[in-house]
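Annotated substrate binding site per Swiss-Prot: Q85, G94, S95, D251, G256, T257, in sequence order, evidence recorded as similarity to another entry. Residues or ranges marked as active site, proton acceptor in Swiss-Prot (evidence: similarity to another entry): S93. Annotated active site, proton donor per Swiss-Prot: C255, in sequence order, evidence recorded as similarity to another entry.
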Amino acid sequence: MRWKRTIQLLDVHCEGEIGRVAIGGVPKIPGNTVAEQLHWLNTDPKGEELRRFLVLEPRGAPIGSVNLLLPARHPDADAAFIILQPDQAHASSGSNSICVTTALLESGIVEMKEPETVVTLETAAGLVRATATCRDGRCEKVRLTMVPSFVHELDVGIDTPQWGRIKLDLCYGGIFYALVDVGQIGLTIGKANAASLVQAGMVLKELINRTVPVVHPEIPAISGVAYVMFRDIDADGAIRTCTTMWPGRADRSPCGTGNSANLATLHARGKARVGDVFKSRSIIGSEFEVGLQAETEVAGKPAIIPTITGRGFTFGLSQVALDPFDPMANGFALTDVWGPLAGDI
């Protein structure tokens, strides 16, 4: 076989959300920092080509992300990574941080120490401390100390043709989120409503980014609302979530960065204090523990340090390659399985 590019992938899922980890064959990504590398992936044609090669058909699939494992730039980090998705490369993700930690330890890239191994991950949003509980050569669960999370604006009003005026919270949890109480769109969070929730999320994301610009005050490479996360409260008090992802799918996990952003809103409203721990439940019923570890500031704004605890599971090892004569090197997506906005890919 005459392949011009090969990349090795370890398949991992975190509470149902797939995060494949590129552990070999990753080309050198230009940039002196992970934030600069993220910017290159999102602005340079060669960066877009790499992302599309890994994420889109025929090598990729609509579900999940691909994590590019990179050499750490920060002296305190064990590894760096950037998340690739159909829309762009992203700075941070809780479920993908758990997938990457699990991959590093169970593949032996980072030495596993029992009963606990601390792995420091470098992201474009900052350092994430991952504390893994390990037993019998297996990573059983991971507690993430997330980057500082803060409220950009609470109770933002958006006029919509479908649901009238919607109130939402704009918050940062490693990327920017619009957090919407799901009852405002006449739905509940459950498997049967996944397609309707996704469609609503795509509409709201477009409206929000058109009317309410957001930029991180210290990291300009992180801007715009990445996801709309719908939220509700279950009968047992758990926070039920559904994060909607372009071009049209639902996060299978409870969503780490989304719950970090949501915890910032609870803190701002006086509903969460340092030491509190909440349960978050996804659209498929999988769970994270969400904790408020500390208070801090970001560019003078009140902020918090959240923790997210969940599980990662390896389920495969694969290699993707490019035949030099393959006309579909740049990948493609169709609306039949990729979602209503896949025609824009």
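Along the chain as shown, residues are numbered 1 onward.
Placed from the backbone N, Cα and C atoms, the Cβ positions cover glycine too.
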For S93 (active site, proton acceptor), the spatially nearest of the recorded positions Q85, D251, C255, using Cα atoms, is C255
Under 8 Å by Cβ from G94 (substrate binding site), counting only residues of that chain that are 6 or more apart: C14, L144, M146, G174, S253, C255, G256, T257, G258, N259, S260, F288, I308, G310
Ranked by the number of other Cβ atoms within 10 Å of their own Cβ, which of the recorded positions Q85, S93 ranks first? S93
What whole-number distance in angstrom separates the two most remote CA atoms of the substrate-binding residues Q85, G94, S95, D251, G256, T257? 16
With an 8 Å cut-off on Cβ distance to the Q85, G94, S95, D251, G256, T257 Cβ center, who else from the chain surrounds the substrate site? E17, S93, N96, T243, S253, C255, G258
